[in-house]
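A short write-up of the structure that comes next.
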Amino acid sequence: MSDVKRVVLAFSGGLDTSVILKWLQQTYQCEVVTFTADLGQGEELEPARAKAKLMGVPDEHIFIDDLREEFVKDYVFPMMRGNALYEGLYLLGTSIARPLIAKRQIEIARAVGADAVSHGATGKGNDQVRFELGYYGLAPDIRVIAPWREWDLTSRTALIDFAEKHQIPVPKDKRGESPFSTDANLLHTSSEGKVLEDPWEEVPDYVYSRTVNPEDAPDQPEIITIDFERGDGVALNGEGMSPATLLTALNELGRKHGIGRLDLVENRFVGMKSRGMYETPGGAIYHLAHRGIEQITLDRGAAHLKDELAPRYAELIYNGFWFSPEREMLQAAIDHSQEKVTGTVRLKLYKGGVHVIGRKSPYTLYSEKVVTFEDDAGAYDQRDAAGFIKLNALRLRLLGRRDGR
């Protein structure tokens, strides 16, 4: 193992990656460079720097990069253009962060002359695949160290024992126990493990960290507007905002109204089912708003094709194929569809619910003249429907005659 001289570790400062840092130093006897991505997780960052220093990493080998704008602009918004929902529900908050972390990790590895990269994903989960597909897609010959697939620490309890033995501070949640397995960024917060591993048990209220209980949300609804240009949000209530600023503002609105909670049993790429609790307050609002503006700006054929492609697109992201040619091909088609997806959506937020209550666009395909139940002044000749129906019924009539119906 001595052939590894320097490794770049994706480091959150949590239990797993703190143990991994010490384990790499001991097992590989190499220099460890830590990289912490600021994706909007907030207070997690400075403790990560302090912990890395405490464990012997010099300042010049501690990287904490603010990637919030890049994350939303180049990853979240493109994904949202595709209306991606994994298994019809999950807004992919963890999945979409991994390719950016992997990309920056490889950039740092090249800059510091590292021999390898390392991550804290377990051998049971999706993240090991997502990270490593990103690494290999960007640096085909990079060496990857995945401690969970190498060491004999087979449980969280074993990790805690290792941490205590080596005087590594172990984070505690507000109930005085070791924390859930969590992931946080500007798009979402996820929690897994402990009581959540029983799919029959209701998620305890203390697990939710990002949204108020919908029952305790304001008793009055709040009306907002989101402006879109070419498929991307650009303004909230008429105020222009950068991508990260917009999502941050929507997160606060969603938090206040208890929006974006999801209790999901999902199918992992590696084959097993897992249960996760997700909070995506701003993303839930944004997703519905984007669907709302598409309703009046996309042609039926384009809209239906997008709906057919969306599950495949979401699956590619979930499984870690962000840098694959097929994801890029789908992205090109999706982005082309967004050329006229410009306008304003009005939404109502109330006790965990978000509802589109208005939409307008200079490129609208909605014609009140044509669709009205009142006199349309010749905008639509209803007699034309007879021929349309006869042509579409032809094959059904032929089948019926043949089969004696």
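Glycine is treated like the rest: Cβ placed from N, Cα and C.
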Given Swiss-Prot lists Ala10, Phe11, Ser12, Gly13, Gly14, Leu15, Asp16, Thr17, Ser18, Ala37 for ATP, the same-site residue among Gly120, Gly123, Gly125, Gly134: Gly120
Which of Ser190, Ser242 does Swiss-Prot put in the same L-citrulline site as Tyr90, Ser95, Asn126, Arg130, Ser181, Glu266, Tyr278? Ser190
Around the Cβ of Gly14 (ATP binding site), other Cβ atoms within 10 Å, all chains included, total 19
Return one of helix, strand or coil for Ala10 (ATP binding site), based on DSSP. strand
Rank the binding-site residues Ser95, Ser190 by the number of other Cβ atoms within 10 Å of each Cβ, and give the residue at the low end. Ser190
